[in-house]
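Now, the feature entries from Swiss-Prot:
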type    : residues              : note
BINDING : C30, C211, H236, E240 : Zn(2+) binding site
MOTIF   : 32-42                 : motif ''HIGH' region'
MOTIF   : 268-272               : motif ''KMSKS' region'
BINDING : K271                  : ATP binding site
Amino acid sequence: MSALHLYNSLSRQKEPFHPITPNHVMMYVCGMTVYDFCHIGHARVMVVFDTIARHLRASGYQLTYVRNITDIDDKIIRRAAENNEPIQALTQRFINAMHEDEAALGCLPPSIEPKATEYVAEMIAMIGELIAQNHAYIADNGDVYYSVRSFDEYGKLANRRLEDLRAGERIAINEAKNDPLDFVLWKKAKTGEPSWESPWGAGRPGWHIECSVMSRHQLGDHFDIHGGGMDLKFPHHECEIAQSEPVCGGKHVNYWLHNGFINIDNEKMSKSLGNFFTVRDVLKNYAGEVIRFFMLQSHYRGPVNYSDAALEEAKRGLQRLYTALETAPTTGGAILLPYQERFVAAMDDDFNTPQAIAVLFELAKMLNKAAAAEAADIAFTLRTLAARLGLLTGDAKTLFQQKGALSAAEIEAEIARRQAAKAAKDYATADSIREKLSALGIELKDSATGTQWYYR
């Protein structure tokens, strides 16, 4: 196995990766709450952990990748009521949309995708364990709360003391709680809302307990990697630790991974600021692979600044890689080990995709200048390494075709007209056709065997 190092949010440093079971990695990632279309922040979570999953598999590990679906939540209940739509119909509609979005981004499905509503019985059982251990209590209002004072290490993931958390957080006053930071495990049923019977009366689970239960059920009391967006680090993941460690017998996750935020033109993405984009919004103007490439150009832990200019730059970069392969051999070839080793070293260094992509550009530059005898090995290496990032697997002519632009057949017809004009020595017409295509972002490359075209 490789010398993989991960940045562990819990220790706040890079650590060598050692799976609990040799050659087998167990990874849980917090998924979507399905009440709306996925936004580009969700897209980053999808792309980041899909890329991590791809690298783990390519490194020889068997991977069990679990990503949950939250299909019961206050937001879901509220949206279903607003739409006058059954909750299950609403959630299934947005689950289907989520799957379409991740497929467009080139993401492979997780190994297991549990839904919260499928594990309510297990949630009730775990809450019962926490009550029995005096980590939770039944409040006067019928809710069940977790007592943060019962867990001495609460705040260790956020690296903040309990007193500091109380002082720094804006917490709504709730007289039913023993402590303002206590969080709900079970919500007493309200009229018109879904509910399940429990020893504490009818109700439904809180958000935090859902992930503790689903990860435990699928991966056991102790697993390798838990991931999600930086916004989940506190309180969600902090609360998961507090819930899981008492019932799992100690440390339940070895490595905590968090991806950074997406900003819009250097401002935080927010519906109130009017700079909120769904994946579908962006896919209207850019291919999914362009969005994926854009996100992988930044290290997963850092912020990404989304703008049209940045997407256009990413598109041009991806086109350069595809263009290098345009006339390269599509069969044969052997891996160039020095480039593979550098690529793998970058990915083993906490999934450093910017450095890995730099290796791809070096190969593309070599390929543009390569003699025929060398081209097959370079092209094979470029395609093989790019595929580990989920890149360069599509058809460039389809990928970069502008909305409303000429189809491939129409471009070929224009090239044929140009060839006929050149044969008739009508060079003015031939030049005019080339200029027309160039204005549409289509470049022509003439050779002894004919004319190739590609998007600039």
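Every residue, even glycine, has its Cβ placed from backbone N, Cα and C.
Of all the binding-site residues listed (C211, H236), C211 sits in the most crowded Cβ setting, with the most other Cβ atoms within 10 Å. For the Zn(2+) site, the Cβ centre of C30, C211, H236, E240 serves as reference, and the other residues of the chain with Cβ at most 8 Å from it are W207, H208, E210, S212, H226, G228, L232, H237, C239. Note: the motif ''HIGH' region' (32-42) comprises 3 helix, 2 strand, 6 coil (DSSP; helix = H, G, I, strand = E, B).
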